[in-house]
Amino acid sequence: MPWLQVRLAISPEQAETYEDALLEVGAVSVTFMDAEDQPIFEPDLNTTPLWSHTHLLALFEANADPEQVFAHLRLLTGAELPEHQAEVIEDQDWERSWMDNFQPMRFGRRLWIVPSWHDAPEKDAVNLLLDPGLAFGTGTHPTTALCLEWLDGQQLEGTQVLDFGCGSGILAIAALLLGAREAVGTDIDVQAIEASRDNAQRNGIADEKLALYLPEHMPAMQADVLVANILAGPLVSLAPQLSGLVRPGGLLALSGILAEQGEDVAAAYAADFELDPIVVRDGWVRISGRRR
């Protein structure tokens with residue numbers, strides 16, 4: 001069915017006021033969008049940042065009167081409205097549209113990430129079937145791609161691999177399909193642990209092959225291979241801990257790092273690892289090396 005969409009151009013300071021007011025006058029959803037292609041990376045802890053110029057989009061039932069909505073907003077906020085407009089939009093099958101756009105992707109020589117509803121393009125390749133969970137890795141982001149390609153290029157047979165910040169489990173599962181003996185995944189998000197477990201089962205990974213932990217429950221260990229696709233800040237602050245999780249002679253790959261942050265992150269690991277040249281893609285980098 002169609003919907004009435006109301007759009008307001010607001011500042012971050014106005015966001016909460018107008019969100020509350022729109023919900024009070026009957027909006028069924030309220031969404032904030034960047035108005036000027038302004039990226040936000042690594043926000044401070046316990047903050048929900050907005051762009052300096054933000055579009056607020058609210059959906060109403062199609063029979064809602066936009067002039068009445070605007071009149072109620074003026075009444076509730078006690079102020080003239082910022083730049084605003086209303087239009088009727090047709091409903092779409094958003095899930096189907098998204099599924100159609102998520103296609104199989106190849107990483108390196110052997111590895112494919114294949115949506116579970118899609119046929120594998122190469123039956124004899126290493127095919128990882130994925131139903132991505134909310135906000136977790138699918139391989140479409142450059143940092144995930146950098147890590148997957150790195151894993152594809154390693155000799156993983158017989159190794160133990162640690163996926164630190166496992167998200168969907170895509171890196172741990174890829175390592176197992178590429179020959180790792182066992183993998184360990186850890187994440188601070190319980191939903192990530194569940195998504196990883198579901199994706200492992202979808203790929204026929206036995207429970208004893210993949211151990212999943214919240215950080216506080218992870219046992220002491222030194223892995224043969226550690227991959228961490230998180231953020232530069234945690235990678236720097238956790239450098240002593242992550243370095244200690246890799247055995248002497250073991251391998252490390254880090255991503256989730258902006259290009260301008262690469263040297264700082266590399267410096268945090270240089271004492272403990274013989275580092276490879278930094279690999280850059282689309283403004284993101286991968287740092288890898290071997291434990292001294």
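Here the Cβ of each residue, glycine as well, is placed from N, Cα and C on the backbone.
Annotated in Swiss-Prot:
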BINDING   Thr144, Gly165, Asp187, Asn229  S-adenosyl-L-methionine binding site
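The DSSP secondary structure for Gly165 (S-adenosyl-L-methionine binding site) is coil. Listed binding-site residues: Asp187, Asn229; maximum Cβ neighbour count within 10 Å falls on Asn229. Cβ-based neighbour count (10 Å, all protein chains) for Thr144 (S-adenosyl-L-methionine binding site) stands at 25. In the three-state DSSP scheme, Thr144 (S-adenosyl-L-methionine binding site) is classed as helix.
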